[in-house]
């Protein structure tokens, strides 16, 4: 009876542990009574865990909210991802998605190169007005950018996919520590940018036909792709930086609320928040590392277009065709401003502003000595791990960059104007 009672108790404990996903190793006893009580071995399949970089939550809010943008990029053939059975993004070289992207970008690249050759031959053979030549140079730049865009974008496809998956890991850890989800609030803006990019491409194609003309239907299609990418790329950057800002604010609110309600009597909670911030800081830096080369080339293209368009507008005066140059210059300068400003805002919100919030908590609320020491360690960690967004480690993206670009633009305009007068 005693043996049977023990076996029943062990059976209840086994059932309880099994319900929580535990793993019960096989018993090493050869007892016949045990064999009668457990006619089948107690094997529960262990939960398979991969490395921390491969874990994926059930729902990646960053991806799900920006899904319209990512899916449109996939349709355009520049972002060949797929969602695996585990729910995370992946890239496979030998897949239908990659095959479609390769075929699409090959056609686009070949068409862009043929257009550049055709327009260059026409430009060199005919005498054009100055403003018409400036417009043609802008068109060369646009078609050249579309020709090299797939090669630039594909070099960072895997890094971009890893960055999106790391967002899911951060959100999973945030939910585990706080019991809440991060409210990024990006879904409505993402849908707005998709609609705007499609309307902008139609507007750009119509404007091209009215102001320039002389294109075939397939060249207008390539031009529409270029106009769409002009709005999609800044949109992805802006929404990513905004998501980082919202995540930093949510984390700061949770730290303050936990202090008010619980006072961090147990420093383990503060340690969890500390490592959660460290993950967010790394995610902020990865935003530049995963997209730095693509957006570095895009920034150079926008800067070149800004210089050429501004020069053409100031030299030619106010006529119909130069209004397009003025709009182009304004559009490129807006893109550069948005990229630099929101990168700095994200860096400040995750770094210096978050540090200020923790410092205010330390000064405002009475804390026990152990909690004070842990908060001092928290502040020291923020100082030693400053989140910085840059182009793959080469150039920091902040308002200093936009100031430098505007200064260089003014310098080029003065030099080219003097050369034109002489």
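Each Cβ is built from the backbone N, Cα and C atoms, and glycine gets one as well.
Automatic prediction, not curation, is the source of TrEMBL annotations.
The feature transmembrane segment, as given by TrEMBL for the ranges 172-191, 192-211, 252-271, 272-291, sits at 192-211. Per TrEMBL, the range carrying the annotation transmembrane segment out of 45-65, 318-338, 339-359 is 318-338. Segment annotation: TrEMBL labels transmembrane segment over residues 96-117 (candidates 8-29, 96-117). Ranked by Cβ pairs under 8 Å to the transmembrane segment (217-239), the stretches 66-84, 137-154, 192-211, 292-312, 318-338 are led by 192-211. Most Cβ pairs within less than 8 Å of the transmembrane segment (137-154), among stretches 66-84, 192-211, 292-312, 318-338, belong to 292-312.
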